Amino acid sequence: MGADAGGRPLKRRDYDEEDVRVRPGKGSRPRTRRRPTHEDAVEAFVVAVDRGRYTCLVGAEIAGPPARRRGPAPVEVTAMKARELGRKGIVVGDRVGLVGDHSGRPDTLARIVRVEPRTSMLRRSADDNDEVERPIVANADQLVIVTALADPPPRPRMIERLLVAAFDADIEPLLCLTKADLAAPDELVARYAPLGVPHVVVRRNGDLTGVRDRLAGRLSVLVGHSGVGKSTMVNALVPDAGRAVSHVNAVTGRGRHTSSSAVALELPGGGWIIDTPGVRSFGLGHVVTDNVLAAFPDLAEGAVRCPKGCTHRGPDCSLDAWVAEGHADPLRLATLRRLLASRDGAADDD
């Protein structure tokens, strides 16, 4: 009966009538349903994606300072996606299995044959009416929302949309407030205090110790709209990053896109950051209400009283009574409704 790619004997039950491929002018031969297991695949970490080519690091560690590592330094390998993966997407942050030439020598190309199970996936949609998910980053455990306190002014609606995305992906959010030498952070910090979201405050050309402490040993994705100083901060955190920076347009008050694709960068003190292109919109058409509500366990308990299909923003919502009974803070409910309004593209309820 022959043998498969692994040298194992094939049996009749491995074939059926659909496995016979007819080739004009050539003999027909049955195709096995078995697929290679690729037990020899080596694990790699995807750090960049560019037009069907994936830059991967073999031997990379997520935690631990590079200086304390034992063994050889990680090898940078260029790879392509194996046909057998079909339409399965691969994004920065993925852990993958590589076969082929993974030496990292010039003009060599490995194949990605496996994508390891993900711990998280940050997604967005084209707009709020599009339910098609667009994966951005995999396996991040912290979403750093970078926003300037001035020049350009803060955009609370964007912050809230990113918070919704973090809660939906079960990724811990962190507010990083830049340009604190131009404006005080108090008002913005108070706005999100009911969520208990941690924050760090950064001044231009200031000390980044607080940021480094929050990033150490973690896989953090940095997101923010253009001109907030994200790329400048990345260059300070990773001196050889070489991320392009720009200034805010004096007329529009907006920054210009300088980063064109996401890239993972290793921090000298341990941990990784994934710098993403500046965003001007963040679609949430794929997010369901329950995923946002899950970030408010004190309110989720009371939501069981709500009528089926409750949006938690209408007059028939039972959460108002739940709060009136003292089970939750009114500010928490107001914040939840503000996040849901942001997800729906509506004006704030407060």
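Heads up, the Cβ atoms here are built off N, Cα and C, so glycines get one too.
Keep in mind that TrEMBL annotations are predicted by a computer and have not been checked by a curator.
Database features (TrEMBL):
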BINDING   Cys306, Cys310, His312, Cys317  Zn(2+) binding site
COMPBIAS  23-36  compositional bias 'Basic residues'
DOMAIN    129-282  domain 'CP-type G'
DOMAIN    138-280  domain 'EngC GTPase'
REGION    1-38  region 'Disordered'
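Each residue of the domain 'EngC GTPase' (138-280) gets a DSSP state, and the totals for helix, strand and coil are 39 helix, 31 strand, 73 coil. Around Cys310 (Zn(2+) binding site), the same-chain residues at least 6 positions away in sequence with a Cβ under 8 Å from its Cβ are Ala303, Asp316, Cys317, Ser318. The 10 Å shell around the Cβ of Cys317 (Zn(2+) binding site) contains 19 further Cβ atoms across the protein chains shown. Between the candidate binding-site residues, Cys306, His312, the densest Cβ environment within 10 Å is the one around His312. When secondary structure is read from DSSP and collapsed to three states, His312 (Zn(2+) binding site) falls in the coil class.
Apart from Cys306, Cys310, His312, Cys317, the residues listed for Zn(2+), the same chain places the Cβ atoms of Ala303, Pro307, Thr311, Arg313, Gly314, Asp316, Ser318, Leu319 within 8 Å of the centroid of those Cβ atoms. Mean model confidence of the domain 'EngC GTPase' (138-280) amounts to 87 (pLDDT, 0 to 100 scale).
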